[in-house]
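Trainee: Could you have a look at this structure, given as structure tokens, before my questions?
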Amino acid sequence: MLHCITTIFLSISRMTMEDGPIAESYFTAYADVCFREFGNHVKFWTTINEANVFTIGGYNDGTSPPGRCSNCSSGNSSTETYIVGHNLLLAHASVSRLYQQKYKDKQGGSVGFSLYAFEFIPQTSSSKDDEIAIQRAKDFFYGWILGPLTFGDYPDEMKRAVGSRLPIFSKEESEQVKGSSDFIGIMHYFPALVENIKLKPSLSRNTDFYSDMGVSLTYLGNFSGFGYDVFPWAMESVLEYIKQTYGNPPVYILENGTPMKPDLELQQKDTRRIEYLQAYIGAVLKAVRNGSDTRGYFV
């Protein structure tokens, strides 16, 4: 039987996710329509697509909708990134609660949450500072989302670094968010080199997600648009980290793959992508054999 996973929220430019309660109520009402109209055909739902990089791109960097950042015409990278991430988690919990109460028994589906998953490796293999920085990067990219979904709160390191700019879950909100995702969806393409950075006091006021994290990232791979480099070990490592750190939740790989140069002969043979998929599916198989509860792979 063929199953599909349907994403409710892909990218919304007009819905201001920095306005928490209003956006949460609208999003829940929108999800209600989706469940009612399509729930008999869709058994796997993801509420938010790539929640971490969506928020960073839209509210820290300003490179994706709605294009807000400190250096943009409007926005504040030091606060809005965390406010929006917080509101996305609360909106997800509201939608998950709606499904559990109104549709779960009748439709028998599942509601999950997705994030972009990098594998992080040290810029300098002998650098202890870079090794420590890797954990900070994981706390910010993974723990920011999976911490509340698994434990009901943000990682301690993130709370220390961001301070009062990081929203606080009430006891009720923490209980609602914790355990609200039936599965975790991940998007993965390539790893990143991590270098520890120390900001000079004179620059410390220009805070954003990356300066709070205290790392510089260099993405590995060929980004020409005609094929990504192959790092299957990175996929295996990501799945192992999620297994060990967040209680081995059910995982679906929702995005992976590589583009191809528009060449008819290459497209007919497609050898590169066959080899790519063999390598990555093999890495997923290794992770599953090592205990990862990975249940699906999409390209």
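Yeah, the Cβs are placed from backbone N, Cα and C, and that goes for glycine too.
According to Swiss-Prot, the protein carries these features:
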type	residues	note
ACT_SITE	Glu50	active site, proton donor
ACT_SITE	Glu255	active site, nucleophile
BINDING	Asn49, Glu50, Tyr189, Glu255	beta-D-glucoside binding site
DISULFID	Cys69-Cys72	disulfide bond
CARBOHYD	Asn71	N-linked glycosylation site
CARBOHYD	Asn76	N-linked glycosylation site
CARBOHYD	Asn222	N-linked glycosylation site
CARBOHYD	Asn290	N-linked glycosylation site
SIGNAL	1-16	signal peptide
Trainee: Determine, to the nearest whole angstrom, how far the Cα atom of Glu50 (active site, proton donor) is from the Cα atom of Tyr189 (beta-D-glucoside binding site).
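Mentor: If we compare the Cα positions of Glu50 (active site, proton donor) and Tyr189 (beta-D-glucoside binding site), the gap is 13 Å.
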Trainee: How many whole Å apart are the CA atoms of Tyr189 (beta-D-glucoside binding site) and Cys69 (disulfide bond)?
Mentor: 26
Trainee: List the recorded positions among Asn49, Cys69, Glu255, Asn290 whose C-alpha is within 10 Å of the C-alpha of Asn76 (N-linked glycosylation site), in sequence order, or say none.
Mentor: Cys69
Trainee: What is the biggest Cα to Cα gap, in Å, among Asn49, Glu50, Tyr189, Glu255, the residues listed as binding beta-D-glucoside?
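Mentor: Max span of the beta-D-glucoside binding residues, Cα based, is 15 Å.
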Trainee: As a test of the contact definition, list every same-chain residue at least 6 positions from Cys69 (disulfide bond) whose Cβ is closer than 8 Å to its Cβ.
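Mentor: Residues satisfying the criterion: Tyr59, Asn60, Asp61, Gly62, Gly75, Asn76, Ser77, Asp208.
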Trainee: Given the glycosylation sites Asn71, Asn76, and counting only Cβ atoms in the protein chains shown, which has the most within 10 Å of its Cβ?
Mentor: Asn76
Trainee: Around the Cβ of Tyr189 (beta-D-glucoside binding site), how many other Cβ atoms lie within 10 Å? Please give the count over every shown protein chain.
Mentor: 20
Trainee: Find the one among the recorded positions Asn49, Glu255, Asn290 whose C-alpha lies closest to that of Cys72 (disulfide bond).
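Mentor: Given the candidates Asn49, Glu255, Asn290, the nearest one is Asn49.
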Trainee: Across all chains shown, how many C-beta atoms besides its own are within 10 angstroms of the C-beta of Asn49 (beta-D-glucoside binding site)?
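Mentor: Looking across every protein chain shown, the total is 20.
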Trainee: Around the beta-D-glucoside site recorded as Asn49, Glu50, Tyr189, Glu255, what other same-chain residues have a C-beta within 8 angstroms of the site's C-beta center?
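Mentor: So the additional residues around the site are Val53, Ser114, Tyr116, Ile186, Met187, His188, Leu254.
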Trainee: Among all chains shown, work out which of the active-site residues Glu50, Glu255 has the most CB atoms within 10 A of its CB.
Mentor: Glu50
Trainee: To the nearest Å, how far is the Cα of the residue listed as 'active site, nucleophile' from the Cα of Asn49 (beta-D-glucoside binding site)?
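Mentor: Cα of the residue listed as 'active site, nucleophile' to Cα of Asn49 (beta-D-glucoside binding site) measures 11 Å after rounding.
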